[in-house]
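Asker: Quick one: the structure is below, questions incoming.
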Amino acid sequence: MTETAIRISDLSKSYRIKHEAGNRATNLGEAISNKIRNPFEKATHEEFWALQGIDLEINKGDVVGVIGRNGAGKSTLLKVLSRITEPTTGKVELFGRIGSLLEVGTGFHPELTGRENIYLNGAILGMRRPEITRQFDAIVDFAGVEKFLDTPVKRYSSGMYVRLAFAVAAHLNPEILIVDEVLAVGDAEFQKKCLGKMQDVAESGRTVLFVSHNMAAVQALCNSAVLLRRGAVEFTGDVATAIDKYSGDSKELGAAVSRQSPFGKARVIEKLIPARNRFPARTPILIDVHLSTHDPSSRCHFSLHVYNNYRENVITISSEHLDTGQIASNVESFSIQIDSPILLPGIYDIDAFLYSGGIIDHWPSAARFEVTDSVGVNGYNASSQTGCKMCLSDFSFSDLKVAQCLNAV
Amino acid sequence: MSEITATTPELSSHGYRNDQRETINRKTADPKPHLVIEPVSGWRSLRLGDIWEFRDLLFTLGMRDVKLVYKQTLLGVAWVVLQPLIGAGIFTFVFGMLAEMPSGALPYFAFSLAGMIGWTLFSTTLTAASTVMVTNSHLVSKIYFPRLILPLSSAFQPLVNFGVGLIVMLLLLAIYQINPGLRILLMPVAGSLLLMFALGIGFWCSSIMVRYRDLRFVIPVAVQFLLYASPVGYSLAAINEKVPAQYQSIYMLNPLASLVEFFRWTLLGEGEIAPAWMCYSILAATMTFILGAFAFRRSERGFADVI
């Protein structure tokens, strides 16, 4: 029988959101004057439940991926588990020493030397001094900063800084480790090293809770997963199913209806409509693009990026690679055809970019389609494959329609 | 069988099955958890054991501040020596020479330096402890540790300065050929009282400052006021001599009145200490310290959410 490492029972956490911005006291004077003016009035506030009735049991040695959309409660759960914030109701029982890593380099001080920061950061992460001394050489070796140990870290390159920070954290040795999205640091080579280190931790029989938006990393590291949605547990079990549910739960297929405004700039890409939302592999993909009038002096390029479930870029096409060249500012709509790419079954997101010198408009997840079934290609069974494949395909822009009237030039 | 069991409130129809499973697990698994996380409301214990467990962090954070203060300064440690000397110099000029306050048989400079060293321990600890939660907010929101560690660690740097100041004081005593005698053995007691009083106020202020940053502006003003409302640059004898009797007890309500005078007495043997007011001050300092720690513990549950 396996032993329990973490038992969470009926765990909830609520935050109070105060209403009526006018009445909210942000300094002591306001707080006091509000109290004097309305001594019996209680502040109106709404309870926001970041976590709601979570019940979970995690066994020793499990490496569990915690996934969910932004605001699903992942970070709150980790904060409660690592005792940073208290739950509102419920109970967590931890069977073993816990260490948490919600951020790389917490408490690093720029004025202190590398050596001093190793001891400081180690102590902050809960390591005892002799423990750090014992691991000191390994940490320095892992980070590769021998030469700069007595240099203040403010003079480090950002890469060195992050490497040193991760190295200290990687040598933390708790029985239960909680990790929040910290692998997305450093260059590709160092990331590989980090993933390797995480794998070692996972294989050493320790219990790991790993929060990430990087589904490929979750897939590679975890042996089970928890999907959170609006503060509740939506699914627990094997990783592949959880990732499927996670991708499916996020949005409808087809063109996105609403969109966020891109950093205060006017949006230019108005609609991105795939001709079909659901189709088998090796089918041409047809997409209609509508633009609103933009800066009439600029001629720009348009690019599409197709991402799979794991948020890996599988197709990138751009008008830059075509002989037809740039898109004039008076173009109102055009169609793009991507000829029969061999895509694996799954749900794909399309990001759209309009750019000339810099980005004019960027629309993440402008549309979404699903590839339904795999087609054997020369005996190659696509459905048994997972992970990243860059997909190559011919493509063309056509039907460039020019707007009838333009802003006066 | 999945490796994780989960029940959501909506899945109540399956709830009983999980409950059964859980009871089985309870019997087979280690019945004693290493740690239980539960909401606790109201007053709570100080958990001094936890602080002891994190003593390395306390020490490292404290030493961090000590190392940091004079980094990239030209005169470095010299500032530690200069600060109380300059303060005592000003007081000697204003109170000793201009106002001609009494200082017993002592040179006014030695007299005001002794007061200044005790006062500086109090004021720098109070200032550092009050702001420590806000200046370390990134730690509070990312890492667990007993939160009392932070205000406690802020006393390190003032204590180091205090130590340096004492050495200067002893040199000065040797120069003036003043023998403090056995009274000096009480100096650590006087220092501890000042430190506890400062930390006690610091506990309150730091937990309030998490929510209301106003205190950042209040504290320097209050510290300035206290400096002149306490017998730092002048003696209690001067108060007794120049202030009408009915106002003297109002003056003595400030616990620092007796504490600073007591501190100077342990170094110089000069001072008028009324036993009743001394008891009052000791009680006030220790109670502020203890109650402050409990109040801090009470409000710390919300720190990470509002900081």
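Glycine too: its Cβ is placed from the backbone N, Cα and C atoms.
Pulled these from TrEMBL:
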COMPBIAS  B:1-11  compositional bias 'Polar residues'
REGION    B:1-28  region 'Disordered'
COMPBIAS  B:16-28  compositional bias 'Basic and acidic residues'
TRANSMEM  B:73-96  transmembrane segment
DOMAIN    B:75-299  domain 'ABC transmembrane type-2'
TRANSMEM  B:108-134  transmembrane segment
TRANSMEM  B:155-178  transmembrane segment
TRANSMEM  B:184-205  transmembrane segment
TRANSMEM  B:217-239  transmembrane segment
TRANSMEM  B:274-296  transmembrane segment
Asker: At least three Cβ pairs under 8 Å linking the transmembrane segment (B:274-296) and the transmembrane segment (B:184-205), pairs spaced 6 or more in sequence?
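Answerer: Checked: the transmembrane segment (B:274-296) vs the transmembrane segment (B:184-205), in contact.
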Asker: Which stretch from B:73-96, B:108-134, B:155-178, B:217-239 shares the most C-beta pairs under 8 Å with the transmembrane segment (B:184-205)?
Answerer: B:108-134
Asker: Please work out which recorded stretch in B:73-96, B:155-178, B:217-239 has the most C-beta pairs separated by under 8 angstroms from the transmembrane segment (B:108-134)?
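Answerer: It is B:155-178 that shares the most Cβ pairs under 8 Å with the transmembrane segment (B:108-134).
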